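Trainee: My questions will all concern the structure given below.
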Amino acid sequence: MSGRSWFAALGALCLACTPSRHDAGSGADPAGRAGVAVAEPSSERPAADPGAAGPIVTPEPPKAPAAAAPLAAVEAAPAVPSRVYAKSREVWIRSAPRPKAQWIGYLSIGGSVRLKSPEPVRASGDCPAFYAVEPRGYVCVDGERATLDAADPMLKTLSEHAPLVDQPLPYRYGESLGLKRLLNVEGIDAPAWPAGMHDLRHMQVRPRSSVAWTKEVEAGGATWLWASDLTFVPKDKVKPYEPATFEGVHLGADERLPLVFFRRKPRPKYRLTEENQLAKTDAVWERLDRVGLTGKSRQVGKLTYLETRDDGHWVLERDAVVIKPRKSKNPWGRRIQLGGAAPAAPAEGPRNTWIEIAALEGWLIAYEDDRPVFATLISAGRNGADDPESVEPFVPPSTTPLGQYRINRKWVTKTLITPHVDEDDWIEAEVPWSQHFFSKYLLHAAYWHNNWGDGQSGGCVNLSPVDAKWLFHWTEPPVPEGWYAVQVTRKDPSTRVVIHR
């Protein structure tokens, strides 16, 4: 199977990730979209003409020098290419300079990567020239899908629609109310985009699917959204999502495990009375607040209370999501250490990163070797969790798989598609910070809900956009500078994912 057809098939992998919808609202416009840098041409100053020699004469006193004649105009020397720029949604980075070699990553519109050399490696098949790129791999530069010219007019136009890869949400997002996407709208002067830019398979978008867009335009008395694949969507058929702002906690000397988060609603604080009894106060922890624990607990009848590090307050255990390691050792057999500073990253080689996920309790801990460095709430499958080996050949719908896995592919954004036989496919457009670990399951940001700590997903592990972006850049292997996606090779270190109930 070719890289393109394989990747197209992979687009339907996330049957598991179809979400339920909650907490939609109107979103604020993000900052302006950045363009690509334009290389400046170089020029050389020509040497002055000294003129011809005249007859020998008696020297006269020196005169003021005459004004220099203007230099003749010269053609600027062509700039030496240093980067390759993407003019398509997928510009494949291949393991060898051959059109059908295994893909190891890709660039996307507005993105670029540094060349290892300004000279092409070879031409092959339908590709006029392959170039080696940093830090590895080869890109076919054909002028249509990829270019070496930073001033290419189409590239500059496309860059206005490039995703904001430095933001938790690279696009603006909303819920479809049932709509049809259009290739052109009367009154909007859209260029003839490069081939393959539009997703022609899904022009009809069913209700409760999602839409991603870069900007709004006015035409014909209506407002249109310019979607991520450069089709047009009527704004009045899209309900914007309210961006989730929740984020987890980076662990160290000031923040350490165990700790608790609060989900669903505010929870009361308790204090010890003079009679040494626990009594409810008027103070509360707000929904999604967090607080550290001292490790002390009290049993009152059938109720357990936990002492917090918040000015002597206690919390009812059943009111809180308690985050502490379930494992005593890491995947390499070393005992987990709580407290203290995170370990220094090794100068080279793997960092031994791994992730522990409690699917039913709704939390995640990220570790570097034997030390936890980050903790947060997640949303796993709304139908719970199950062991894939006990329910072959498929994990039940909307269920998160238990077991130990590895990160093997990463995308800045990935559109997730759930096929339907009798109706339009269910589409989640440009899902940010997606990391594949098993079958049809991913870790990814969820822009359509804010219900952290509860089962919400179709089986994937949902994170808030802020948390998902941090985790994406923290896990191994890293996505190289300029790349939009990476596929793990056998030589790459890879973060382990450990999922239990």
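Note: Cβ is positioned from N, Cα and C throughout, glycine not excepted.
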Trainee: Which range is it, out of 21-64, 285-328, that shows up in TrEMBL as region 'Disordered'?
Mentor: 21-64
Trainee: Calculate the distance in Å between the alpha carbons (Cα) of His444 (active site, proton donor/acceptor) and Cys460 (active site, nucleophile), and round it to a whole number.
Mentor: 8
Trainee: Average the per-residue pLDDT over the domain 'L,D-TPase catalytic' (353-489) and send me the rounded value.
Mentor: 94
Trainee: Taking the active-site residues one at a time (His444, Cys460), which has its Cβ surrounded by the most other Cβ atoms within 10 Å?
Mentor: Cys460
